[in-house]
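Trainee: Please see the structure below; I have some questions.
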Amino acid sequence: MTIIRKKHPLIKIINHSFIDLPAPSNISSWWNFGSLLGLCLAIQILTGLFLAMHYTSDTATAFSSVTHICRDVNYGWLIRYMHANGASMFFICLFLHVGRGVYYGSYNMIETWNMGIILLFAVMATAFMGYVLPWGQMSFWGATVITNLLSAIPYIGTTLVEWIWGGFSVDKATLTRFFAFHFILPFIITALVLVHLLFLHETGSNNPTGLNSDADKIPFHPYYTIKDLLGVLVLLTVFMILTLFFPDILGDPDNYTPANPLTTPPHIKPEWYFLFAYAILRSIPNKLGGVLALILSILILALMPLLHTSKQRALTFRPITQTMYWILVADLLVLTWIGGQPVEYPFIIIGQTASVTYFAIIMILMPIAGMIENNILDLD
């Protein structure tokens, strides 16, 4: 068995990636989220495949086909809710995975980090297009509002929006192409994940101390396969409780009303995992400025290696920056809350304050805190 594992051209790749991979001996449960994201992706592709067998991407029948899946298909309701709540679990794991990377300075592995940012954009695009497919009120108006933001681009904006729509409004052509992209993107994401892992295995994993761990490595299997299995059990438990007991808790009731271009919902808002970015978008009165802030709210992650001023990699031994980090986490929670609120006093000013705080912490306060810590510890 050992000979096959180490000599077979295909199996040896798996062996070097998941079995004999040298891993730091001290990585904590925060390093579980990579494998959990892989599990989420597998769940989404499988459930999505079964949904696609019964779904029709036509404005006249899309809503009815989703109803048909829930009522008439064997375990269709389960597959549909697993897919919908699987997206939420996916984003929870994604945010925790990125948060771990920021906390422990994993962004210094630049290729891996940048590939991760591309993956984040790809997953967000996939989730957005998936939300349009049930063709409920929030699907239609969400698609209209978000795609319309591209009209803020000078000169080509309006043409670009009509090109994406395939007409003069969100209609049949839009739904069909969104379904096509929503179907193909997860497979592109899977390929990008392999590139992400390829870059990661060039350098090896980071660890909670932020120090070089070459002198103290252990094989990935059995130590971290068993550890990941615990994470899988916890994730599946939370996932099934959410899916079976509270399937609609994260959804919007408006999406149970068929799409109607003639009536606008009282509050147009995206799914909860986009609310922080939506709040940043809305906090700027100018349309183009808002769109740029929206893109920058994610793209700012790419600047983190350039903004790293500390002589230490992780925040483990850096209490000042730690404080900034947890204020940033609280700020993101405030932005998520604000994104779901109507545009009126006092939510407008809270959203603007939280948006300024978000960019200030990442671009100004954390780099300054790093320099202060260097001086305190005489590291310069």
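The backbone N, Cα and C atoms fix where each Cβ goes, glycine too.
Quick paste from Swiss-Prot:
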- 33-53: transmembrane segment (TRANSMEM)
- 77-98: transmembrane segment (TRANSMEM)
- H83, H182: heme b b562 binding site (BINDING)
- H97, H196: heme b b566 binding site (BINDING)
- 113-133: transmembrane segment (TRANSMEM)
- 178-198: transmembrane segment (TRANSMEM)
- H201: ubiquinone binding site (BINDING)
- 226-246: transmembrane segment (TRANSMEM)
- 288-308: transmembrane segment (TRANSMEM)
- 320-340: transmembrane segment (TRANSMEM)
- 347-367: transmembrane segment (TRANSMEM)
Trainee: Tell me, please, if the transmembrane segment (288-308) and the transmembrane segment (33-53) are in contact, taking contact as 3+ Cβ pairs under 8 Å between residues separated by 6 or more positions?
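Mentor: With fewer than 3 qualifying Cβ pairs, these stretches do not touch.
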Trainee: If you count Cβ pairs under 8 Å, which stretch among 33-53, 113-133, 178-198, 320-340, 347-367 touches the transmembrane segment (226-246) the most?
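Mentor: If we count Cβ pairs closer than 8 Å to the transmembrane segment (226-246), 33-53 scores highest.
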Trainee: In whole Å, how far does the CA atom of H97 (heme b b566 binding site) lie from that of H83 (heme b b562 binding site)?
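Mentor: Between the Cα atoms of H97 (heme b b566 binding site) and H83 (heme b b562 binding site), the distance comes to 21 Å.
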Trainee: Please indicate, using numbers and ranges, the residues of the same chain that are 6 or more beyond the transmembrane segment (178-198) and have a C-beta under 8 Å from a C-beta there.
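Mentor: Non-local partners: 17, 37-38, 41, 44-45, 48, 52, 55, 57, 112, 115-116, 118-119, 122-123, 125-126, 129-130, 132-133, 143.
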Trainee: Report, as numbers and ranges, every residue of the chain located at least six residues beyond the transmembrane segment (113-133) whose Cβ falls under 8 Å of a Cβ in that stretch; write 'none' if there are none.
Mentor: 55, 57, 62, 66, 87, 90-91, 94, 97-98, 101, 106-107, 139-140, 142-143, 146, 174-175, 178-179, 181-182, 185-186, 188-189, 192-193, 195-196, 199, 270-271, 273-274, 298-299, 301-302, 304-305
Trainee: Pop the Cα-Cα gap between H196 (heme b b566 binding site) and H83 (heme b b562 binding site) into the table, whole Å please.
Mentor: 24
Trainee: Where does H97 (heme b b566 binding site) sit by DSSP, helix, strand or coil?
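Mentor: Note: H97 (heme b b566 binding site) is helical by DSSP.
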Trainee: Cα of H196 (heme b b566 binding site) to Cα of H182 (heme b b562 binding site): how many Å, rounded?
Mentor: 21
Trainee: Which has the fewest other CB atoms in a 10 Å radius around its CB: H97, H201, the listed binding-site residues?
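Mentor: Result for the binding-site residues H97, H201: minimum number of other Cβ atoms within 10 Å at H201.
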